[in-house]
Amino acid sequence: MELNVDSAKQLLAEHEQELQSAHDAHSILLASQPITAATTHPNATASNAARAVPVVAPSSVPTPTAASTPFISTQPPAPAQTGRMQLIDEQQKFNSADFSPHLENWGLADAGFGYDLCAVLGSQSTGKSTLLNKLFGTNFDVMSESARQQTTKGIWMCKGLKMNVLVMDVEGTDGRERGEDQDFERKSALFSMASAEVLIVNLWEHQVGLYQGANMGLLKTVFEVNLGLFQASRAKTAGAKDKTLLLFVIRDHIGVTPLENLSATIMADLTKIWHSLSKPQGLELSKITDFFDFMFTTLPHKILQPAEFDKAVDVLRNRFVNPKDPNFVFKTEYHKRIPADGLAHYLESIWEQVMTNKDLDLPTQQELLAQFRCDEIANVAFAHFATSIKDFRKHIEGGSVVESLGADMALHRSTALSKFDRDASRYHQEVYKRKRIDLLDKLNGSLSPFFLGQLKNLHRLMLQSFKQAVLDRMRTEPNYDFGEVVSSEKRTALAKFSAAAQAVLLTDTDWTIDDEVVELDVEIQSISDTMRVEETKKMVAQIERTFNKNIGEPVELALKSAKRSMWDEVLISFSTLLEQAEATYVRKATSFNCTDDENEHALLALRRKSWMSMRAKVDEQTADSVIAAKLRNSFEDGFRYDDAGVPRVWKPEDDMDGAFRKARDETLELIALYAKIQAVDTTLMRELRSKFEDAEPVGLVVEDEAFDWHATLSVLSETRKNDIGMRFRKEADAMYVEAKRATVSSIAQVPLWMYGVMLVLGWNELMAILSSPVYFAFLLVLIASAYIVWRLNLSGPLISVLRAVANEVHRLADAQLRTHFSQPLREPRPPAESRPAEQIELEPN
């Protein structure tokens, strides 16, 4: 929707040749005098060439779209969160008391030139505040839809959201509240035009071509007063005139009349007004474009076309935030060159001049010339100064500490001030002194980043040096006192930092290192605390490893023999080792300067971890396989051995069933004994309960899981107890059946006549064996072997071994047979008569 107003430029063509050379000189001068921001700002980084765009954007520039500007949000910005202030109230009183605090809250007090200022002008209830809120994310009050009445009273100011732009919302003109009293309208319009870089003129499409409706009468008065009050004294100085951009925003544009025609109408009216002005001496031939640049844009109807309105506002916002936009509005030549910290005084002085100079009493020509020349000389001196300090940035930003930085900064600053004093001291002394102070502040502002960067690098270097020195002493000193080491190295680091920081402090500055020293002290203390925590953790970990190593054997020995006092032995060993671990911690923690809370928390954590380590050993000794072996051994001791420990040989008359039941029941009782840690001595349990169950966690450390000491006393759950009992019963039943079978086989009877038959039938074989020493000896060996197998009850294992041997022999034989039969059969040789004689003779046998 942005078009070039070619027709308007044609109306002004006859005046261009007269002041073209002056305009070129003005551009060259501005290019050599860049605005240097004290803080990073998008406008400060844009080149002057990029900003030197004439009256309106070229017609060849297409309308920006959301696709061509992906960095522009398609949604309106959120309301500003930094607050607003009433700069000038309804009684025309300037609110200087609240300006500086608001500037601090907005983060612009130290912005230097890194800010921009714009204002809006227009009739009452034309949506000025709504437009500003949409464009900049401000939170100015807007008119209620239900009652068309004055909303903005006086002049309000707010900072744009996420941009260093100060926005002034000016009370609307032609309001019924003030009626014919146009005094405040003129003053507020003149104030806005004199102070703002960009003045947004908000009007409806149907107001274009009107005289009062388009505020042309007001603009005529403002142009004339502004020209006489602020510009006449600079008429003879080429390129020194301040320029302001007038951005006409034509609202409720329906598209019937092109923007080109609307802008041409407005430019024609403005040119006519300018020609009718009573110009001061020296400005009779001046053109309106010598003091103002113009841009024009349109917006659709906000109510009838809300989507198109929002999209157009987004495109318009790009002019204010994107320095690369060809229609970027905050150009260098529009900036008033007032540092942010002096903005309050500057705006107040403008308002006082507007209020009190009824007859347009101007400052003297001497003061005006002094102001201009001092600014010019200061800019030249600062340019040489900026060139001479460029090398500092590379070293400082590279993280290096420049030892001679203080002396070098003082030398370059003194050189710049000397150049300024030599050339500027001839002019008005009050202006010279004021400008010298301004230059000194500017020089100090340029050196301040190097000063802060040097402190930052020193800060980082001292932290590294402190940490490395502490670690080196901890490695080289075997019996070091951690608290003494930290205190000593801390004093050394702070002393070195203070000495190096004092070397870069310059006179005539408000620089101080007190905050940096305090910050360094805090960070060193933080590093010390971190190192102390790490060393404490290492110490506790070493104590835990020692405890784990020592607790294993006592637990294993105590649980190996199942008896009622086994848990007493385990807990006594645990308490003894825990006391040793706590004593070791307390002895070593003394040198770490740990607080009582830290010690209490560490001891509590040590107790809990030690207990869990002991529980882990208990779990190892009560695993299913281990506890099954323990139960089996206990059962065998009671069933297969008598009270004297002699193996039993069961006879038919022995009470095997009673012995089996007794051994089984006694063994099953052991499961309940292993299931829970319960000492016979209740004193032990009370002491442990006081250490674990009654203690509350201390400090800021939160454990991953809640510690439930009472729950850790349970070793075997009910499910595990049932499973272990069932498996044991099966094993015990198997042992009983085996013993019973051996007894039954021993009492089986053979008929007596069978022995006679065997003797008669086997008499010959018997005599052959008895008469042969070899057979007889072999018979004796078999009888002895059988007796041994029977006596030691090895029949079961022997059968298992024989079965395994048979299976292995079967496997090997099967493998050999498969290998043999898997080979192909050799073909038989053909008979000799079917082969040639030569082949038969040559063929080997």
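Quick reminder: no glycine exception, Cβ is built from N, Cα and C everywhere.
Now, the feature entries from Swiss-Prot:
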type     : residues                                                       : note
BINDING  : GLY122, SER123, GLN124, SER125, THR126, GLY127, LYS128, SER129 : GTP binding site
COILED   : 1-29                                                           : coiled coil
COMPBIAS : 826-838                                                        : compositional bias 'Basic and acidic residues'
DOMAIN   : 112-334                                                        : domain 'GB1/RHD3-type G'
REGION   : 823-845                                                        : region 'Disordered'
TRANSMEM : 750-770                                                        : transmembrane segment
TRANSMEM : 774-794                                                        : transmembrane segment
- line: If you tally other C-beta atoms within 10 angstroms for each of the binding-site residues SER125, SER129, the top scorer is SER129
- prompt: Should GLY122 (GTP binding site) be counted as helix, strand, or coil on the basis of DSSP?
  reply: strand
- prompt: What residues in the same chain, six or more past the boundaries of the transmembrane segment (774-794), come closer than 8 Å to it by Cβ-Cβ distance?
  reply: 738, 742, 768
Task: Using a 10 Å cut-off, grab the number of neighbouring Cβ atoms around the Cβ of THR126 (GTP binding site), all chains included.
output: 21
Message: Are there any residues at least 6 positions away along the chain from LYS128 (GTP binding site) with a Cβ closer than 8 Å to its Cβ? List them or say none.
response: VAL120, LEU121, GLY122, THR152, ASP169, VAL170, GLY172, ILE200, ASN202
